[in-house]
């Protein structure tokens, strides 16, 4: 047996015979020596092949994982790129919108600036025009005040000025005297106020007592004089005096007369002082020398009125002329008070207003002087 074992050990095993790498538990030393003796030549080669195969499998796995990772990164980069493109598009739209809004704002600012310049130029021109008109009015008022002072100074009880007192003139001269051009000549209201300085005739004195309500209304109006008829002072006078005094039969023409009196654009002139061609009489005049345009009654009309610059004339009777004149005198006096031309005590101004109201009351009742 020993000889046979030696022979077997001298003959190497055939090439290609597979021996397990891991030894069994029972044989610990013999298989190892056998392996070392039998496969000592081919073991490095098989190990290298195994390592190469392992390296190849690991490299393939690494390549697959790397390609998968790169694909994921590529998808992420593409998504981010799309988001960036959308953001760039949105920002470009926002920029275009902002540029458009900036252009519109610039255009509107330039337009507003030009508009403000135009309005400033217009206001400056209007202010200059008002300044010129105000200076003209001041010159006219100064001339009126000078004329009134001259008339008042030249009138005394011993030698009264006949221009201040028309009742002292002869009827023939009074008939052709210039009429009541309210917007061109001095009003008889200031004339009558100035004539208060003349001493009254003996026996013509009358008792007077101030009404507390009327005086309080006048004082309140005098603190801030205005022509607005909503105040209590003028509202009462409109209701009690002005309205009834200018309430004529021809309602439409009465309203036009009232507006012209309020606006100080009414002109009264004698008929004999104006020569109108016969062809224009029918077209431009209302009423006639024998018919009153306000009352519609057949009356002898010595005067006619013109409303503003219309160029149309209306014949009026002496009674209608007295009523219109009384209202015009009242408005002229309160305008002078408003303009600060009346330098009197409040009570004296109050009594002058009451006197003018009495004239309106008498005129609306039909009383008028004979020289009308």
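Cβ coordinates are placed from backbone N, Cα and C, and glycine is handled just like the others.
Per TrEMBL, the feature region 'Disordered' maps to 1-57, 156-204. Feature annotation from TrEMBL assigns compositional bias 'Polar residues' to 46-57, 156-172, 184-198. Per TrEMBL, the feature domain 'GDP/GTP exchange factor Sec2 N-terminal' maps to 66-149. Here TrEMBL flags 67-151 as coiled coil.
The average pLDDT for the coiled coil (67-151) in the predicted structure is 88. In terms of DSSP secondary structure, the domain 'GDP/GTP exchange factor Sec2 N-terminal' (66-149) contains 84 helix, 0 strand, 0 coil. Across the compositional bias 'Polar residues' (46-57), DSSP classifies residues as 12 helix, 0 strand, 0 coil.
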